[in-house]
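Engineer: These came from TrEMBL, pasted as-is:
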- K426: ATP binding site (BINDING)
- 70-160: domain 'Ig-like' (DOMAIN)
- 170-269: domain 'Ig-like' (DOMAIN)
- 393-521: domain 'Protein kinase' (DOMAIN)
- 291-315: transmembrane segment (TRANSMEM)
Amino acid sequence: MTKSQILFKTATVNDFLLYIVNALPKLLQQVRHTHFTNFKRFVKIMFLLTIITLQKHRSVSRVCLSGTGPPVFKDKTNGEWIARPEMSTVEIKCVACGKPKPTIKWYKNKQYIDPGMKGGHYHIRKWKLSILNLEKMDEGQYTCVLENTQGILNFTFKIEVLQLTIMTKPIGLGPNNQTVQAGSDARFECKVLRNDLQHHTQWLQQYTVNGSYRDDENQPYVNIIQQSMVNLSHPEILTIKNVTKDNAGWYGCLISNPLGRYYQTAWLTVLDEQAEAVDIRSGGTNDKEQIVIYIIGGVASVVVLFLLLLIFICYRRYKRVQSSKYRNVKRVIVMTQNENYHPYKSYDGTQPFVLPTIRIEPGPRRRLSSDLTMMSEYDLPLDKHWEFRREQLSLGEPLGEGAFGKVFKAETVGLNKAPTTAIAVKMLKEDATDRELTDLMQEMEVMKLIGCHENIINFLGCCTQNGPLYVLVELAPHGNMRDYLRSRRPHNSAGYKKQDLEKGSFKPLTEKDLISYALPE
């Protein structure tokens with residue numbers, strides 16, 4: 001046994017009480033008279049003496065009977081109550097025999113402990129259960145259940161996890177310096193932030209001897225003016241009533257326990273009563289300052305109200321402009337030939353060609369219009385097979401213009417797997433009507449049905465989403481047929497104005513050329 005250990009053989013509760021009565025007062029007295037002058041902080045670990053009372057039970061050491069029988073304990077060395085400190089390891093055993101050989105299962109607080117569970121700190125091996133790195137949550141009742149075909153046997157252990165308490169000297173906060181008027185009350189507060197043992201609080205007032213606050217041994221001259229030994233409800237607060245100039249000086253708070261102390265001082269400044277009179281006489285100046293403050297506050301309030309009103313007006317205008325940008329969206333419906341739309345057949349069993357029908361109806365939703373798109377009030381159907389991305393289309397110079405439509409030259413990227421392709425784009429004017437949109441949509445749907453042919457202007461695609469309607473067709477490099485024929489009239493054409501061929505390299509057509517155009521191939 002070392003100096004820091006006390007060994008009790010077959011300890012009882014009486015041993016614990018006797019130790020408390022005889023040894024503890026001497027130990028506390030020794031600690032109280034110990035000086036810790038060389039340490040800024042002293043920490044002591046108080047060890048806990050635990051007496052574990054074991055319940056008497058019948059002997060568990062038995063000799064296994066021969067033949068068939070229920071489980072019986074063969075060796076069980078643990079008691080019913082086991083106490084261990086945190087982070088330690090505890091092992092409990094339930095060694096039993098019986099025929100046939102019994103199986104064992106472990107339960108914690110009636111919850112089954114799975115022996116195959118990985119990552120836990122429970123380890124089961126044969127008849128033994130080990131718990132590693134004990135924590136407070138491991139406390140509880142552990143039951144072993146042994147079973148064979150002849151019977152069941154169980155035993156319950158109670159495991160308690162002990163915590164070590166670390167105690168320190170007091171830790172406080174305050175007091176702070178105070179400045180008060182003569183005749184008023186001064187109040188100091190000294191808070192205890194941490195104290196693990198019973199502490200004692202004292203308020204001290206320092207005084208001077210020959211102009212010095214300390215003696216030759218550097219100890220302060222103090223008088224005890226308040227302490228917690230007196231029946232006080234708030235010993236951490238010091239109140240000085242009706243202070244005078246004589247009360248000015250240093251005041252200290254001393255908090256102590258057997259492990260150390262906390263001491264902090266604060267200075268009390270007492271102002272003369274004349275200072276209050278000066279403040280009263282200078283009340284006119286203060287009134288002027290208050291008037292200036294009121295004026296500034298009033299002006300600031302008016303400015304704030306004006307700004308709020310201006311913000312409100314701007315917000316109303318913004319909402320009005322935003323609402324004007326919303327239009328009713330018209331939904332465009334395309335009805336093409338199918339079994340539902342054209343169910344009848346002609347006498348020879350074939351369906352006649354029916355033009356697609358375009359119908360415009362007021363849509364149920366609203367959409368924000370854009371100044372860049374004159375067709376934003378229409379909701380056009382999407383045809384994924386013919387839809388072309390607007391980002392890959394670059395509009396160029398205008399090629400022509402009619403009563404309701406325009407044609408522009410454009411270049412596309414990625415059309416028919418070509419890097420760039422020159423095409424023509426048909427579109428409506430800004431003031432186009434629903435009827436004109438219907439005609440252009442119907443023309444586009446007819447071109448879809450006709451398909452591609454080398455002797456016609458073929459349909460290439462369309463742009464119907466996120467902008468105006470664009471119809472993409474092949475580009476005729478020589479313009480339309482009418483202008484082409486007019487620019488190439490024969491020289492002997494009667495009744496027509498002679499064309500000026502010097503401006504271009506066009507070769508005039510002959511009558512033979514015109515007849516060849518009329519003859520079918």
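Including glycine, each Cβ sits where the backbone N, Cα and C put it.
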Engineer: Cβ under 8 Å, sequence separation of at least 6 from the ends of the transmembrane segment (291-315): give me the contacting residues as numbers and ranges.
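Structural biologist: Long-range Cβ neighbours of the transmembrane segment (291-315): none found.
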Engineer: Long-range neighbours only, meaning 6 or more apart in sequence with Cβ under 8 Å: which ones does K426 (ATP binding site) have?
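Structural biologist: Spatial neighbours, sequence-distant, of K426 (ATP binding site): G405, K406, V407, L440, Y470, V471, V473.
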Engineer: Could you tell me the mean pLDDT the prediction assigns to the domain 'Ig-like' (170-269)?
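Structural biologist: Averaged over the domain 'Ig-like' (170-269), the predicted model reaches a pLDDT of 90.
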Engineer: When secondary structure is assigned with DSSP, how many helix, strand and coil residues does the domain 'Ig-like' (170-269) contain?
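Structural biologist: Taking the domain 'Ig-like' (170-269) as a whole: 3 helix, 55 strand, 42 coil.
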Engineer: Could you tell me how many residues in the domain 'Ig-like' (70-160) are helical, how many are strand and how many are coil under DSSP?
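Structural biologist: Output for the domain 'Ig-like' (70-160) reads 3 helix, 55 strand, 33 coil.
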Engineer: Using DSSP, tally how many residues of the domain 'Protein kinase' (393-521) sit in helix, strand and coil.
Structural biologist: 37 helix, 37 strand, 55 coil
